[in-house]
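Worksheet: the structure to be examined is printed underneath.
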Amino acid sequence: SLSAGLDLPGRFLFATLTLMTLIAILVFIEEAVYIYRKIPSSKRSIIIWINAAAPVISTTSCIGMWVPRSTMFTDYTAGIFFAIVIHKFLMMMIKECGGQKVLLRQFENGHFTITTGPCCCCCLCLPRVPITRQTLFWLKLGTFQFAVFRPVLVFLSIVLWTNGNYVLYNLSPKGPALWISCFIGALTLFALWAVGIMFRKVRILLKCKNIIPKFALYQFIVILNHLQTVIINIFATQKIIPCAPPLSSTARGSYISQQLLIMEMFLITVISRVVYRRKYHDLEPPECMAEEPGDKKQTP
């Protein structure tokens, strides 16, 4: 078994990381109870979903650490959950503005700046888009498509894996892993782009509702759960992370990624509890808000 193959420092590390995961789960449960009691019902479920992102990733990483053969399933579970959280975060920003109708009234003559990351931050020639019901629909569709297609692609990957056609670390053009990963990457960029466009517009209006630190926490989860994991996996496949019998390079890379995620998600869970602890019913949008250059100042 895994525990029998660990030395004393290894067992201590595994026990410590497991304890951190359990604490993160308890902190989230306590925060969910608080949200359920204090937050209006229209925002309650969305905020609980967003707060659950870090504990869920920490839990799946802990399971993958103890049961190495489950890594593919745990990583995919975390990926599917976070795809839904990205859509929920966009909907939270709309809800915090008072809903779609109020948002459209607030920014009646405003424009969305689409020259933002991660897709078009360098395309300064792109025009600004008027804020209408149709453009809001396209932004919501940009995140919703990821929440729908990511589970479908994960299911396809698992079917191909059980048939022996899908090898996670085989990035050959002839294999399906490369193409599925590229397609998921493109869908991810479009979803993050939609969230970035919305955040850039509402960040001043929602500053009193801690939207900037909330967005920062969301961005940290994106970077750590996706970019960090991809970089470590590349290092492992290129043998930059050396093997240490009985663990291969890819197995060691997976262990390093999971252990880092447990510690990072534990910190994010604790910080999220502080950031989302504010009493939202006491916070109101400012009477006047500063618009981006080129827009007229709006009065709510």
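Our numbering is plain: 1 for the first residue shown, then up by one each step along the chain.
Any Cβ shown, glycine's included, is placed from N, Cα and C.
The feature transmembrane segment is assigned by TrEMBL to 12-34 (among others). Same-chain neighbours of the transmembrane segment (12-34): 3, 6, 48, 51-52, 54-55, 58-59, 61-62, 65-66, 259, 262-263, 265-266, 269-270, 272-273, 276-277, counting only residues six or more beyond its ends whose CB sits under 8 Å from a CB of the stretch.
Sequence annotations record features per position, and here TrEMBL assigns transmembrane segment to 46-67 (among others).
Taken from TrEMBL, the feature transmembrane segment applies to 73-91 (among others).
Long-range contacts of the transmembrane segment (137-161) within the same chain, counting only residues at least 6 positions beyond its ends with a Cβ under 8 Å from a Cβ of the stretch, are 72-73, 76, 79-80, 83-84, 86-87, 89-91, 94, 112, 167-168, 176-177, 180, 183-184, 187-188, 190-191, 193-195, 197-198. According to TrEMBL, the transmembrane segment annotation covers 137-161 (among others).
Look at TrEMBL and you will find 176-195 (among others) tagged as transmembrane segment.
Taken from TrEMBL, the feature transmembrane segment applies to 215-236 (among others).
Sequence annotations record features per position, and here TrEMBL assigns transmembrane segment to 256-276 (among others). Long-range neighbours of the transmembrane segment (256-276) within the same chain, counting only residues 6 or more positions beyond its ends whose Cβ lies under 8 Å from a Cβ of the stretch, are 13, 17, 20-21, 23-24, 27-28, 30-31, 35, 47, 50-51, 54-55, 57-58, 61-62, 64-65, 71, 210, 213-214, 217, 220-221, 224-225, 228-229, 232-233, 241.
With Cβ pairs under 8 Å as the measure, the transmembrane segment (215-236) is packed most heavily against 73-91, out of 46-67, 73-91, 176-195. Counting residues 6+ beyond its ends, the transmembrane segment (73-91) has Cβ neighbours under 8 Å at 46, 49-50, 52-53, 56-57, 60-61, 63-64, 139-140, 143-144, 146-147, 150-151, 154, 157-158, 184, 191-192, 194-195, 198, 215, 218, 221-222, 225, 229 in the same chain.
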